[in-house]
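Down below is the structure, laid out as structure tokens.
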Amino acid sequence: MPVLGTSVLGKPILRKIACAAVALLLGTAAYVPSAAEAQDVISSLPRKETLILENPEGTIKNAGWFNIWAINAGGQYTGLQQLAMDTLWYIDPEKGLEGPIDNSLAAEAPKYNADFTEMTVKLRSGIFWSDGVEFTADDVAYTVETQMKNTGMRWGPILSLNVDSVSAPDPQTVVFKLKRPNSRFHALFTVRFNAIWIMPKHVFEKAPDPMRFDFNKPVSLGAYALHSFDPEGKWFIWQRRDDWQRTTLGRFGEPGPKYAVYVDGGPPDKRVIAQMNHNMDVVHDVAPEGMFTLAKQSKSSRGWFKDFPYAHPDPTLPALLFNLQRADFQSKDVRWALALLIDIKAVSMASYRGAATISAIGIPPTGTHPDDYHIPMQDWLKNFELDTGKQKIKPYDPTVGKQIADMLRPSMKEQIPTDQAAIDKSFGMGWWKPNPQAAQELLQKAGFTKRGSNWYTPEGKPFSIRVMVEGESRPVITRAGTMIAQQWRQFGIDAKTELAQGTMLDRRNSGDFDTLISWSVESYGGHPDLAYFLDSWHSQYVAPAGKPQAPRNYMRWSSPELDGIIEKIRGVGFDDPRSIELGRDYVKLAVREMPTIPLMAYNVFVAMDDTYWTGYPTAEDPYANPVPNWGNSRYMMVRLKPRGE
Amino acid sequence: MKTYAIYLAKRLLQFVLVVFIGINLTYVISHATPIDPVEQTISALTSFGNTSPEAIETMRESLRELYGMSGTPLEQYVSFWSRIVVGDFGPSLSAFPTPVSELILRALPWTIGLLVVATVLAWLLGNLLGGLAGYYRKNRLLKAMGLIAMGLHPMPYYVVAFVLLVVFGFLWPVLPISGGSGIGVGRGFSFDFISSVLLHSLLPALSLVVVGLGGWFLGMRALVSNIVTEDYVVYAELGGVDRRRILTSYVMRNALVPQVTGLAMSLGAIFTGAIITEEVFGYPGIGSLLVDAVHAGDYSLVLGITSVSIVAVSLAVLVIDLLYPLLDPRVQVE
């Protein structure tokens with residue numbers, strides 16, 4: 001019997017297939033473009049005049065919408081808020097071009113009446129929208145009135161809550177009459193990350209419904225106007241306005257890049273690849289390991305710091321937040337015991353691979369805050385005493401930042417600074433010294449008991465703590481939580497990490513957690529006022545258990561003493577030096593009570609490639625925030641120069 | 001003819017039933033998600049911006065009303081079906097007020113273009129080579145292909161995708177690694193746009209073909225290996241029938257029936273997109289849209305995409321069921 005399949009009949013067919021495959025391969029190999037040719041897909045723009053930045057919002061589903069005042073109606077960080085929007089004031093988290101505070105559309109600082117129920121703003125003249133219409137006080141009044149009428153708009157509720165009336169007595173003056181005293185009302189029009197952006201009255205008044213108006217093509221008040229965008233939401237191109245002098249940025253000179261392109265960078269690994277191929281000039285953030293790779297393999301890339309720890313510390317403070325409405329965490333002795341079981345050096349290594357800027361106090365160690373809070377409070381922290389019930393200890397160790405630097409030096413060598421001031425700036429100052437003995441005494445003081453190797457609550461139940469973390473979408477924070485849970489477990493507490501993934505925000509807001517790693521502290525960075533986050537910590541806003549908690553007091557801390565501090569801050573002006581003293585009172589109270597365990601600044605590994613552009617803001621020249629989705633990152637445009645100039 | 005009509009009616013009824021149950025299940029599951037789109041939106045608004053706790057409550061109420069989340073669950077369910085029967089999935093919650101149908105229609109051509117080509121190509125190549133390998137079992141080249149297919153088939157897709165990404169995006173950077181077309185390339189029936197789309201689809205398509213081909217190859221080879229031992233094939237050989245004819249008409253055609261079913265199922269499943277492919281390569285298709293919608297708790301969009309997918313898969317199965325009797329005379333309607 002013939003054996004099937006041994007015939008040579010198939011060979012011509014196979015030969016044809018093989019020949020076709022070889023031809024295809026040869027054809028592909030013949031066209032081997034360079035990385036730039038293959039991946040630098042901005043074929044329609046001159047690369048040397050184009051700055052490419054990552055938009056961390058990713059892909060914008062409704063890319064054709066630019067109505068930033070309506071909720072979810074298009075992207076925000078597509079360059080829209082950075083380059084096309086403008087408002088009254090900006091605060092830079094760093095030093096700023098001419099100081100952290102910039103009077104942008106406003107000609108000067110706000111003027112309040114004595115009881116903070118009226119705010120008058122003088123506006124700049126000679127500022128024009130990109131369609132040639134002059135910006136006036138009517139635009140500001142229209143912005144406020146339109147959003148007050150539509151509480152479904154982004155800033156509608158907060159304006160309705162505060163504003164009784166707004167008027168424009170002349171084109172350069174706006175007067176706000178407030179429903180109740182508010183010494184920080186102007187903060188709504190002050191960019192930290194964003195703010196209430198000013199609407200073009202002449203465009204929106206023609207739209208039948210401002211909430212369902214796409215604002216495409218957007219009329220710009222910034223130095224750039226929309227050039228083109230991807231309908232699939234992957235990229236947005238902005239072009240420098242010919243009349244850039246007639247914008248508020250024009251005071252600082254001509255913006256360098258003619259084109260700025262904001263692109264969806266994809267997953268972290270792809271962003272690293274894109275920058276190594278010089279196809280992404282400014283990467284918003286990568287994993288620490290990605291930054292280390294860039295620093296090692298790409299000569300043209302650098303972070304905020306030239307060397308380790310590279311990252312830009314955002315004025316945001318990740319911390320371990322207790323759910324203070326749960327019985328186990330209502331005693332400050334328990335909270336302090338848990339703090340003294342944490343070895344922050346191990347947490348820094350696990351989370352940021354050592355590239356963290358630690359903070360023992362509830363204020364981010366960034367911008368001007370160290371000068372206002374961390375440094376002046378060192379003596380107080382060193383002398384701070386904790387009564388464990390059996391002894392009094394001084395838990396603060398001012399050398400922890402230095403210890404982290406020393407720990408990293410053998411592997412990172414000369415990249416680790418030796419100067420103490422540089423170490424403080426890079427790695428932070430001190431933190432709480434691990435003290436298991438004191439932790440044991442504090443737990444016993446709170447009625448907890450140890451049987452065998454396990455701890456039990458005063459009710460006799462195993463002391464169990466779930467540390468909620470976000471999961472793979474925020475790996476650095478997740479690793480911090482895992483390390484803390486491990487350290488508590490080693491002490492005999494039944495601690496486990498809990499990956500919340502996409503449910504994190506819902507569970508945080510509804511109080512469905514024991515502890516979580518998140519942030520309830522966000523500050524200006526470039527200004528000492530703490531009301532930005534602290535006002536929301538007043539006990540008047542604490543929701544009952546089971547009800548959603550409004551930002552940012554997710555730990556639901558309720559303290560009459562804190563209320564007193566907040567109320568005093570409300571009574572003093574934004575720039576009043578007394579607010580710093582009150583801020584320090586908050587720090588002292590928070591140290592005593594430990595409602596959260598502050599960990600470190602939210603370090604953003606922004607990576608900048610100087611192949612095409614130079615003059616990025618850096619730790620050595622901190623003239624602006626480099627993180628490209630922040631509104632105040634616009635200031636870097638005027639200092640960027642094409643390489644070679 | 002009458003028998004076929006009864007068969008058709010039964011299959012149509014099954015189709016309607018499957019679609020109805022499928023969409024209801026999706027409705028229940030998507031509404032049971034612990035992710036609340038209002039809370040997601042509020043968190044996104046407040047995580048960076050200045051706000052006040054008092055304003056949040058007003059915002060929460062406004063959003064619930066705007067998103068159609070006010071009313072009892074029954075009212076919401078009735079409203080959902082009254083809209084969906086006319087093909088209206090309502091507005092997307094995370095891209096408000098853009099209609100869900102608009103978002104799906106924008107993403108669908110990308111997914112269909114990529115996946116239809118990749119699926120059909122993998123199917124054709126896999127079945128052709130698998131058929132040849134099953135028939136010409138001693139051919140060294142085909143044996144080698146069999147080994148490669150066996151090696152590739154069990155590999156997790158994302159590993160293959162990342163390997164391709166690193167090889168062609170970084171080590172030998174000859175292909176674009178992200179997006180559906182080049183930055184700044186204008187839309188339209190132009191050489192620039194079409195070539196850019198083709199270039200951008202190469203890596204994702206290659207990854208799908210590489211992984212998909214192995215399965216079809218192995219399946220077809222196994223089927224053909226069985227069929228070649230059937231008596232009728234042996235008799236055909238002995239009878240001196242041309243071997244190429246034996247392969248195409250006697251062996252491959254018989255082996256194709258289950259493969260065609262598989263192809264129909266694969267094509268139907270295209271409507272959920274190749275989620276990992278689109279995520280890895282940043283491809284602007286329906287898979288990426290679905291992932292975004294799930295993360296944002298945008299159940300309008302999730303429902304829209306899954307409903308389209310349920311209808312598409314059911315329709316594909318229906319069409320195959322109706323075509324079976326025509327494809328293979330051995331299959332009877334009853």
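Quick reminder: no glycine exception, Cβ is built from N, Cα and C everywhere.
Note that the structure is a prediction, hence the values are computed from the model and not measured.
The transmembrane segment annotation in TrEMBL covers B:12-30, B:110-136, B:157-177, B:197-218, B:255-276, B:299-324. Taken from TrEMBL, the feature domain 'ABC transmembrane type-1' covers B:108-324.
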So what's near the transmembrane segment (B:110-136) in sequence-distant terms, Cβ-Cβ under 8 Å and 6+ beyond its ends?
142-143, 145-146, 149, 180, 197, 201, 204-205, 208-209, 211-225, 227-228, 247, 251-252, 255-256, 259, 262-263, 266-267, 270-271, 273-274, 277-278, 283-287
Applying the under-8 angstroms CB criterion, which one of B:157-177, B:197-218, B:299-324 scores highest with the transmembrane segment (B:12-30)?
B:299-324
Who are the chain neighbours of the transmembrane segment (B:299-324) in space, where the CB to CB distance is under 8 Å and they lie at least 6 residues beyond its ends?
8, 11-12, 14-15, 18-19, 22-23, 26-27, 30-31, 33, 37, 80, 84, 89-95, 100-101, 103-104, 108, 257, 260-261, 264-265, 267-272, 286, 289-290, 292-293, 331
Please report, as numbers and ranges, the same-chain residues at least 6 past the borders of the transmembrane segment (B:157-177) whose CB is under 8 Å from any CB of it.
199-200, 202-204, 206-207, 210-211, 276-277, 280-282
